[in-house]
Structures are given as C-alpha cells and as structure tokens.
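A quick write-up on the structure given underneath.
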Amino acid sequence: MATPPIVVAALLVMAAAAQLASAYYQQQQPFTASDWQDGSATFYGDDSGLGADFGGACGFGANDILSLYSTYTAALSTPLFAQGNGCGQCYEIRCVGSRWCNPGSPSVVVTGTNLCPPNWYLPSDNGGWCNPPRQHLDMAPPSFYRLAQRVAGIIPVQFRRVPCQRPGGLRLCLQGNYYWLLVYVMNVAGGGDVSDLAVKRAGDPDCNYVHATHNWGITYQVFAALGNAQGLVVKMTSYSSPQQTIVVDDAIPAGWSTGICYQGSNNFY
C-alpha cells in the first residue's frame, strides 16, 4: 500500500528539522577540558590576592576581581595571554615534581585576568619566567599557597583549560557615550572568552546588528549612534572551540547609562 503524499511530506519536514537540530547542536557543543600540559607557576602582588593589580592588562578592576573571581586568578605569559584572547579563560593547575608541593598535589582552578610580561633582561630559566615561549602562570598568592609552600618561589606544574563555572549570566559593563560604546564582558562561562560581539537596539525591526571591534583584553568597542531610548541586544560568539553563539537581550534596559554594569540571564556553557 502506497504511503499518502501528505505523510511523505510530513516525514520529509521532520527529517529536515532533525538535520537542522543536529547541525545546531554540533555548532553549540559545550566547551570541555583540554589535556594536561607542562608549565611553571609563581605568585605576585599583595598577599591578599585582591586589588586592581590582578586584572590590569585584561581590563578587570579591583571590584570585578573581588566580586567575580576572588583570589582565584593568574597572570598569563604571552603564549597563554594570546593578545588578550586568554582573558577570562579558566585553568586547573597542580604542582608536580617539587619537594615544596603540598601533600597529595591538590589542584586549584583560576581565571586568567592579567598579563605576565616578559623580562628580556633575565634568562628564561633564571627570573625571566614569563619569557616566551614559556607557558607560565603568575598566580594570586592564596591560590599558589593551595599548591605549594611559599618558600618554593617557583614550581613546576601541570595545567589544563577547563570549563568556567560562573553564577548567573554574562556581566556587561558600559563605558564611553551614546555614539562610541566600550563594552567590558565579564563572568563568561564555558570557554570563558569572546571572539565576536555585535549590538543592536531592542525592539527595532529596522535595526541591524553593529559589529564591535576588539579593543583590548575583555573590551569591545562599537562605533554607532545607539541612543538609550531603547534597550540593547548583544550577540556574542566564543573564542575557544567549539564556538558557541548566544544572544543577551535582557541585560541592558531602556534608559541605560555608561558607567554601569548590567547582567543578563544567558551565558555560554
């Protein structure tokens, strides 16, 4: 008995929908942990592990460090900093092969919030710990002390990228004005990073997304006359593979102002 045409059409539609869903899922796969790599670690800054010193090169302020990342931060050597694309990424670190490692070699997860610049006046194996191509993490002291004793100074470590676990949605802090907008992207889950950002006015069917350019660290700049009569919709794509794209449409309301941080409900995973 032949299958009725309407049933065939329905099956074809269902198959096409399944293919689209499969393609979307493949595109939106979650970020997963990488393999362990060898590196080294030191500590720097105030012994509290808090303050603006721990976020300068990425754009995090003292309050951002305190409220979002606490003492679980690290400055990254040039290869890991990756011209600012490493800002916000999460690393699990463990001490290995040193008599100063804490018993059981516990691990700690930190967020990359700063750059550890090279020191070309010192050799890479004697003080120039952040000289390329070294993969080095200069940690906030409390996080380093979880791995090893303070007297160690520098320790050999194994590290790996891990998914960032963040409470709530992305935080978007605004600077600039209604014609030039500087967006600080924080509290990023998943890979912890952003490669592309675009903004448009909410509720305006004739308004297309305006793509931002990467300014530095966690900041993106938008050159457009956006005004604040309407809220803003922000679309972002992650930097790390597999890339994800999300839309945050409930963070920046009508009447928004620069100098304020807004938080949405959406995040990477």
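Placement of Cβ uses the backbone N, Cα and C atoms for every residue, glycine included.
Taken from TrEMBL, the feature domain 'Expansin-like EG45' applies to 55-169.
The average pLDDT computed over the domain 'Expansin-like CBD' (179-264) stands at 96. Here TrEMBL flags 179-264 as domain 'Expansin-like CBD'.
For 1-23, the entry in TrEMBL reads signal peptide.
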Within the domain 'Expansin-like EG45' (55-169), residues counted as helix, strand or coil by DSSP: 25 helix, 34 strand, 56 coil
